[in-house]
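Presented below is the structure to which this report refers.
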Amino acid sequence: MATALKNLSDYNSDHFVDIADKRFGLVVAEWNREITDILSAGAYETLLKHGAQADNIFRNTVPGSFELTLGAQLLAQHEEIDAVICLGVVIKGDTKHDDYICHAVANGITNVGLKYNKPVIFGLVTTNTLEQAWDRAGGKHGNKGVEAAVAAIQMLGF
Ligand code: RBF
């Protein structure tokens, strides 16, 4: 597969903008929480590592990934929030629920970002199996929470 093992977890931070005074919203889905907690920790630690202040990171949970859009909007609407990071895990099942959820979130958070003119990052891990999700939460495909935080920082420097 062309994208095998390609990820942003090995990023180059040389040109990162100063985020010491930036405020971040983290929206984390509680569905598959054992995995989303790891994504969330990865994002949080990455923001701190690159200079964000703990007091400037506002973490909120929503029941499932479908609610990430509203959670993002409730944070993004505040002028003082500079970027929002959405984190969730959607695993394919016997029905098409995953399609509906993923498309809704992709469209929804895109619209929130465009409406408020600020980065709203898509940190939704969408996999066929639980194992593939673990691979993306600190496993062989890195930690997508880390990558989501990196994407937020990169966009703040745009
Ligand atoms: N939320 C997730 O974050 N990940 C899932 O894999 C997931 N699977 C779901 C499967 C079904 C059949 C349903 C009904 C909901 C699922 N949800 C999942 C929850 C969804 O995102 C949302 O929280 C609920 O549908 C309430 O709006």
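Cβ coordinates come from backbone N, Cα and C, glycine included.
Over in TrEMBL, the protein carries these features:
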ACT_SITE  His97  active site, proton donor
BINDING   Trp31, Ser65, Phe66, Glu67, Val89, Val90, Ile91, Phe122  5-amino-6-(D-ribitylamino)uracil binding site
BINDING   Asp94, Thr95, Arg136  (2S)-2-hydroxy-3-oxobutyl phosphate binding site
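Not one of the binding-site residues listed as Asp94, Phe122, Arg136 brings a Cβ under 6 Å of any atom of ligand 1.
When every Cα pair among Trp31, Ser65, Phe66, Glu67, Val89, Val90, Ile91, Phe122 is compared, the largest distance found for this 5-amino-6-(D-ribitylamino)uracil site is 16 Å. Every protein chain considered, the tally of other Cβ atoms within 10 Å of the Cβ of Arg136 ((2S)-2-hydroxy-3-oxobutyl phosphate binding site) stands at 23.
Spanning the residues Asp94, Thr95, Arg136 that the record associates with binding (2S)-2-hydroxy-3-oxobutyl phosphate, the maximal Cα-Cα distance equals 23 Å. Considering only the recorded positions Asp94, Thr95, His97, Arg136, the residue whose Cα is spatially closest to the Cα of Glu67 (5-amino-6-(D-ribitylamino)uracil binding site) is His97.
Sparsest Cβ environment among the binding-site residues Ser65, Thr95 (other Cβ atoms counted within 10 Å): Thr95.
Taking the Cα atom of each, Trp31 (5-amino-6-(D-ribitylamino)uracil binding site) and Asp94 ((2S)-2-hydroxy-3-oxobutyl phosphate binding site) are about 17 angstrom apart.
Within the set of recorded positions Asp94, Thr95, His97, Arg136, the entry lying nearest in space to Phe66 (5-amino-6-(D-ribitylamino)uracil binding site) is His97 (CA atoms).
Taking each of the binding-site residues Val89, Ile91 in turn and counting other Cβ atoms within 10 Å of its Cβ gives the largest count for Val89.
Nearest by CA distance to Ser65 (5-amino-6-(D-ribitylamino)uracil binding site), out of the recorded positions Asp94, His97, Arg136, is His97. In the three-state DSSP assignment, the secondary structure recorded for Arg136 ((2S)-2-hydroxy-3-oxobutyl phosphate binding site) is coil.
Closest by Cα distance to Arg136 ((2S)-2-hydroxy-3-oxobutyl phosphate binding site), from the recorded positions Val89, Val90, Ile91, His97, Phe122, is Val89. The residue listed as 'active site, proton donor' carries a helical DSSP state (H, G or I). A helical conformation is recorded for Ser65 (5-amino-6-(D-ribitylamino)uracil binding site) in the three-state DSSP classification.
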